[in-house]
Amino acid sequence: MHVEQSNIEQCLVNILTEQSAKNGCPHCVWYRTVIPEHVFRVTCPPMLPYISDTGTTPYESCFFSFFLNLSAILALCTVYIRYRWLRLVSNEERSLRCCNIIALVLGELSALGLSLVANFQETNLEGVHMTGAAMTIGCGILYMFSQTALSYKMADTLSLSRLRLIMAVFCSLTAASFLIATITAKSLRSSTTDPLHWASTDKGYPAHVTAAVSEWLTCIVYLLFYATFVQDFKRTSVSVSLNIITMEESEGIKV
C-alpha cells in the first residue's frame with residue numbers, strides 16, 4: 001500500500017515538474033510545491049491533529065487565519081446582540097444586568113482570543129498563540145456558564161436551560177481532559193519527535209490523540225452553544241442608525 005502510494009506520488013510530481021518546465025504554468029508550479037509537502041506527506045496513520053496544527057504552515061495558515069478572523073467577528077456580533085436582547089427583556093433588573101455585563105465581557109474576550117489564535121501561529125509566536133487559545137476556551141466556557149445562569153434567572157424553557165448547562169459542563173470536562181493530556185503528551189514526547197507529525201510509535205502518542213479529540217469536542221460543542229440562541233433571535237430585529245453632526249452643530253452654532 002505504501003509502495004503504491006509512493007509510486008503514484010512520484011509519477012504525479014514528475015508530470016507536474018515536466019509541465020512547469022515546458023510552459024512555466026503557475027498552477028503547475030503551485031501544485032508542484034504543495035502536493036509533496038501538504039498532501040502526500042503521510043508520516044503517521046490518519047488521526048485527528050490539534051486544531052492549531054491544521055493551520056500552522058502556508059498555505060493552510062492563510063485560510064486558517066481568514067476563516068478564524070471571520071468567526072471571531074461573527075462571535076463578537078452574536079455576543080453583543082445577545083447582550084442587547086437580554087437588556088430589553090430583563091427590564092434592567094439589577095442582578096440580571098450585572099450578570100449580563102459579565103457575560104458580555106467574557107464573550108468579547110473569547111472572540112479576541114480566537115483572533116489571536118488566527119493571527120499568531122504556534123510555530124511563530126507560541127506564547128501569544130497559547131494565550132489566545134486559553135482566552136478562547138477559558139473565557140468561552142465561563143461565558144457558557146454565565147448564559148446558563150441567565151437562562152435560569154430569566155425563566156427560559158427548562159429544557160433549553162438544561163441543554164445549556166449540559167453543554168457547559170461537557171465543555172469543562174473535555175477542556176480539562178485536553179489540558180491534562182497535552183501536558184502528559186509533551187512530558188513523554190522525545191526531543192526527536194516532530195510535534196506536527198506524531199507517529200503511533202512515539203512516546204505519549206495515546207495522550208496526544210486524547211488531547212486532540214478533547215480539543216475538537218470542546219470547540220465543536222462551544223460553537224453549537226451559540227445555536228441555542230436561535231429561538232430568541234427569531235423574535236429579534238437589528239437596525240443600524242447613522243447620525244451626522246456637522247462642524248457648526250458640534251460647536252453650538254445654529255445653521
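Every residue, even glycine, has its Cβ placed from backbone N, Cα and C.
Here TrEMBL flags 44-235 as domain 'CWH43-like N-terminal'.
The transmembrane segment annotation in TrEMBL covers 63-81 (among others). For the transmembrane segment (63-81), same-chain residues at least 6 beyond its ends with a Cβ under 8 Å from one of its own Cβ atoms are 54-55, 103-104, 107-108, 110-112, 114-115, 117-119, 143, 226, 229, 233, 236, 238.
Positions annotated as transmembrane segment by TrEMBL: 101-121 (among others).
Under the heading transmembrane segment, TrEMBL lists 127-145 (among others). Non-local neighbours of the transmembrane segment (127-145) in the same chain are 52, 79, 103, 106-107, 109-110, 112-118, 120-121, 164, 167-168, 171-172, 175, 178, 218-219, 222, 225; each lies 6+ residues outside the stretch with a CB under 8 Å from one of its CB atoms.
Here the transmembrane segment (165-185) has Cβ contacts under 8 Å with residues 137-138, 140-141, 144-145, 148, 204-205, 207-208, 210-211, 214-215, 217-218, 221-222, 224-225, 228 of the same chain, all six or more residues outside its ends. Taken from TrEMBL, the feature transmembrane segment covers 165-185 (among others).
Long-range contacts of the transmembrane segment (205-225) within its own chain (CB-CB distance under 8 A, at least 6 residues past either end) are made by residues 47-51, 137, 140-141, 144, 147, 164, 167-168, 170-171, 174-175, 177-178, 181-182, 184-185, 188-189, 198-199. The transmembrane segment feature in TrEMBL is assigned to 205-225 (among others).
Restricting the average to the domain 'CWH43-like N-terminal' (44-235) gives a pLDDT of 83.
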